[in-house]
Amino acid sequence: MNQDTICALATANGMGAIGIIRISGEKSFEIVNAVFEGKNLTKVASHTVQYGFIKDDYEVIDEVMVSVFHAPKTFTTENSVEISFHGSPYIAKKILEVLIKNGARMAKAGEFTMRAFMNGRIDLSQAESIADLIASENEASRKVALNQLKGGISNEISFLRNDLLNFTSLIELELDFAEEDVEFADRAALKSLLSKIEEKLNSLIESFQYGNAIKNGTAVAIIGKPNAGKSTLLNALLKEERAIVSNIAGTTRDTIEEILHIKGHAFRLIDTAGLRETSDEIEAIGVKKAKEKVENAEVLIYLIDASTQDFSEDIDMLKSLLREDLKLIICATKIDEVIPDQYESIENVLRESITQEFDFIKISAVENQNIQDLKNELSSYVEQLKSEEGNVIITNQRHYEALQKSLTSVRKVEEAVNFQITTELLSYELRNALENLGEISGEFTNDEVLGNIFSKFCIGK
Ligand code: GDP
């Protein structure tokens, strides 16, 4: 049991209608009670809200509502109090000062969540999902984080890990009876369990590409010759987004990347700053610059002006930009200006010259023709990254690495069984695999890893 009682501002540090200060630890009730004018907080029932005032000696700091939570049914499993005050950063500071004066101490980053983990209320992957949930900026990342918080990845793994633990116990029992040459652990059953674990690990590892798209968005480059219609398309794509964003005061937009949301997925439009300029300011985008943009992209949208007669330059440019793992969408633009025959022939020529697979979409950004098709194409690209089975998706680099380590060690166990390596060695490899599998939920971990995870949290979480 941790003895310190900690306190911190749980809401964002800035002006708001209400701010919340959180207190957790054995002495929470006594400490808050000492500065509270209202009912005696050490006597009130759990999960109740009390009206009153926070005072520093005889001076009232603010009129507040205080929520009281008795251990163990609290976030940290410790006695906890939440003070809702009028949301001024100055009042927050004054209340925190008076709490500290009465025996609390300022919480470190992530310390509330760390206590929830240390006290066994959540496992490590769930603690991490809280940080992800707070950071989620789109529907898909919110859903994945929430699923993780409910125990997603831990459930998938702990089941198999428990079975493996049973085998390990049996193998270790064999070691105790080494002289008698007995076999308690059925090797065939162990093999089948190992291949089940391997399959699960593989599918979780594969889900990381999709997980990454969810968490960080998919990087998209829009390329084309001057006047191809890039900035007009960008505006058409972002039309609704901008309307939403401009209503939120204080929203800062990245000057280099614009974010486009389609069906709950985020797309990062790389280096669109140049596209903001008016047509006459635009310089020809050099091959080198285009290459740099595409290097960081997963999707390339290449625009060709449909009224162009000769697009050999476009084909050369495209050829120099292509990569096997790049999703390519070629758009013939300004189709409102030309007859269908013309843009149809563009597609034919492209299909003859470009070997890599691509989607061909004919658009008019000015008349908003087929822009939806382009959006659908982007969203289905992300959707197809989703693995067929399983709804648990890995979004966290640490989990990804731990899963890969687990896979390597499970394969070593398999080898040990297949080649009938000594029971000692088999038991050693099994322990290793158990440890690696346990890293995800935090059953096996060290202070450095924990420090690293929780230090990324905000104070008060
Ligand atoms: P960028 O240099 O590639 O960014 O091209 P712009 O988006 O600035 O477009 C160049 C010119 O083509 C502008 O005068 C646009 O109004 C025009 N344009 C762009 N898209 C369309 C379109 O779909 N239809 C028509 N008719 N004109 C377009």
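A Cβ is built for glycine as well, from the same backbone N, Cα and C atoms used for every other residue.
Sequence annotations record features per position, and here TrEMBL assigns (6S)-5-formyl-5,6,7,8-tetrahydrofolate binding site to ARG22, GLU82, ARG121, LYS461. If you look up TrEMBL, you'll see ASN227, SER246, ILE248, THR251 marked as K(+) binding site. The Mg(2+) binding site feature in TrEMBL is assigned to SER231, THR252. The coiled coil annotation in TrEMBL covers 364-391.
In this view, ARG22 ((6S)-5-formyl-5,6,7,8-tetrahydrofolate binding site) is surrounded by 22 other Cβ atoms within 10 Å of its Cβ, with every protein chain counted. Of the recorded residues, GLU82 ((6S)-5-formyl-5,6,7,8-tetrahydrofolate binding site) and ASN227 (K(+) binding site) place their C-alpha atoms 58 Å from one another. Under 6 Å, Cβ to nearest atom of ligand 1: this is the test, and of the binding-site residues ARG22, GLU82, ARG121, ASN227, SER231 it is passed by ASN227, SER231. For GLU82 ((6S)-5-formyl-5,6,7,8-tetrahydrofolate binding site), the Cβ neighbour count at a 10 Å cut-off comes to 21, with all displayed protein chains included. Here nothing among the binding-site residues ARG22, ARG121, LYS461 falls inside 10 Å of the CA of ASN227 (K(+) binding site).
Listed binding-site residues: ASN227, SER231; maximum Cβ neighbour count within 10 Å falls on SER231.
Confidence annotation: the coiled coil (364-391) carries a mean pLDDT of 86 in the model. Residues near LYS461 ((6S)-5-formyl-5,6,7,8-tetrahydrofolate binding site) in space but far in sequence (CB under 8 A, at least 6 apart, same chain), listed by position: ALA10, ALA109, GLY110, PHE112, THR113, ILE130, ALA131, ILE134. Note on ARG121 ((6S)-5-formyl-5,6,7,8-tetrahydrofolate binding site): other Cβ atoms within 10 Å of its Cβ, all shown chains, come to 18. Classification of GLU82 ((6S)-5-formyl-5,6,7,8-tetrahydrofolate binding site) by DSSP places it within a strand. Between ARG22 ((6S)-5-formyl-5,6,7,8-tetrahydrofolate binding site) and SER231 (Mg(2+) binding site), the C-alpha separation comes to 48 Å. DSSP gives SER231 (Mg(2+) binding site) a helix state.
On a Cα basis, SER231 (Mg(2+) binding site) lies 51 Å away from ARG121 ((6S)-5-formyl-5,6,7,8-tetrahydrofolate binding site). Farthest C-alpha pair in the (6S)-5-formyl-5,6,7,8-tetrahydrofolate-binding residues ARG22, GLU82, ARG121, LYS461: 19 Å apart.
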